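According to TrEMBL, the protein carries these features:
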- B:29-367: domain 'Luciferase-like' (DOMAIN)
- B:Thr94, B:His144, B:Tyr148, B:Ser194: FMN binding site (BINDING)
Amino acid sequence: MSQPQLHLALEIGGATADTEIAAAAEAAGFALVTIADSPLAGDRIEAGVRAAHLARRTRRIGLGPNLHVTTTEPFHLATQLASLDHASLGRGAWVVGAESSPAAFATVGNPPLTGDDLRREIADVIDVTRQLWDSWEDDAIIRDTATGRFLDAGKVHHVNFTGERFSIVGPLITPRPPQGQLVVLGADTLGVTGRLDIALIDAPDPDPLRRRAQQARADGAPLVFADLTGNPAELLGLIDRVGGIVDGVRLRLTDPADFPRLAAALGREPVTGPALRDTLGLPRPANRFAAA
Amino acid sequence: MSYRLHLGVFFTGVGPQTIWTDPAFTSHTHIDRFVDTIRTLERGLFDAFFLGEGLRVRENRGRVHELDVAGRPDAITQLAALAAETTHIGLVATQNTTYNFPADLARRLASLDAISGGRAGWNIVTTDNAWTGENFRYGGWLPHERRYERANAFVETAKTLWGGAPVDRHDDLIDVTAGPTVPARPVLFQAGDSAGGRDLAARHADVVFSANTDYDKALAYAADLRERLAAYGRSADSLRILPGAAVVLGDTPADAAEKARYIQREQVTGPRALAFLEQYWGKDLSGYDPEGPLPDIEPAEGELDPSRGTIAIEHRTGKAERIAGWRKLAAERNLSLRDLVIEVTPQHSTFVGTPSQIADEWQRYVENRAVDGFNILPQLLPGTVEDIVDKLVPELQSRGIYRTEYEGTTLREHLDLPA
């Protein structure tokens, strides 16, 4: 086989067996699990809480909770994700959510955003989150007993972000995540592809998939994954058809209980990590605030 | 009946109380250190592990404050990770009601409670601080005098959602339409000592994390709180009182006293003493000798800003009188700048002694129902935590005032709260 092996991601979320499935996905060579969520899914464990718990029940696999920019405080979102990366020793990811129904906005008492306003909000939250992750330089904690300085204030930065609907001074309360920047995934339809590490494309047919993958790469996404849904046999067929077009696939099983059959058919060895960026071949980004 | 003592550790993650200069200190941010700490506490049968909250990195005159430990995780995220590493100990997140969305926070707390099998707690705090608010969508929206109204409305909203009912509430304090969370009942902690804080505690709290640690104050506080409980139709036994406390253990009284002195001198270093005074002077004092006299220059015009996050609102005004008082005290007692700061820095009440001395003292507190236990602020990591678990806990157990095994699995059960 001449093409590099596709990265595998598995979508979970909401099942009582999430912990077992994530562990099985790790054993089956998946690079990450993404954890579906919605501010309207009150009957589920919130995805960020689930991901943090999984961080200590797994060792190699990446963990990507779906957190929504529309119904959270961006500062909390950035802190929660940075903390996930610390707790998992560098396996954190973020699936950008933009739940935009009027009911979702009503949970935070805000009027709905649509169209360009929504796109601008998504872009602003991603931008400020990335800036906040860089607000502490890697070597900000100096512990210099001679001068009594624990921190070097020159390496902990205000971000002074001003977006369309909010502003944030920073810095984050949490030191820089182990990966520098978590791996950010999002649909190519959000209109923010250039801000993503992985563009997710929901188009199983090769022709539209190829077209949209080319567009996503042109827009600046380092990696492109195809979103595929089905039973194990259908997924194996789809994976064969998208090889060479995308860098990876994110799989959704119509029945999560079928996972062992899918895993056996794929026959992969566990990834070696240790960080999710290592698994995906993504470099650890330089800090935008560090002096060159 | 001999009343049981309940213990928690409050892991603040910022501020001068953690002695990072200690040779045994390694990190207060690495997940492995959190895991070590909470496993030690669980071995010591602690009721709960608390994480603090502070949503802006402290500053001194517009620049990030360099001298104290800083950098901490999101509390709920961290506790969800630690839930996977433990089986019994309670997991308490400090979260404020001003800069959170009620449905979002209620859902995250319910999720922590569910994923940990009923071990979640919420330490409810308020803020009016517009400086902290600069990190949030609606910074500074809440007037100081309304912060507890918001807190009460917020807690009512959360309780409704946890109880399985939707909320549809729209007024100037709460604007939410949301469905219920997973079934949950986090233990509610309250720390504020103002009348508003005590009232919130009497209405909603299961536990108060009070500042009234000295014996006489603790007794008076307990009496006041039990009276307030009755006004809301609650029984005197429906609330636990756990004041904050520092603990310094030594093999002999002299050994403990020496260790306490070391801790105090490390907490108020020369640079910290200067930084403390700079908050009040509003000027660069770095040229002054901490071992010399107080600065002879006059402070800047204007009152204090809250940017260190450490100055209570009642201390943000009247600095001229405060400084005059310090000058008088320093002159009367011939104190150096640093000694003066050691003298006037608010100290968490500290129990200093041998394990047996402290166990005797705590027995008196708990048998007279001045407190139901203590929430300990560790100063040496990992020393304070290891000493308490290995040396003090056995003394408490031998006096019959502390559990010898976990009898339940939930935080509510550990605290003997009404079911």
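Even glycines carry a Cβ here, placed using N, Cα and C.
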Most Cβ neighbours inside 10 Å, all chains, among the binding-site residues B:Thr94, B:Ser194: B:Thr94
For the domain 'Luciferase-like' (B:29-367), mean pLDDT (0 to 100): 92
B:Tyr148 (FMN binding site): tally of other CB atoms within 10 A of its CB: 21
Secondary-structure category, per DSSP, in which B:Ser194 (FMN binding site) falls: coil
Count of other CB atoms lying within 10 Å of the CB belonging to B:His144 (FMN binding site): 12
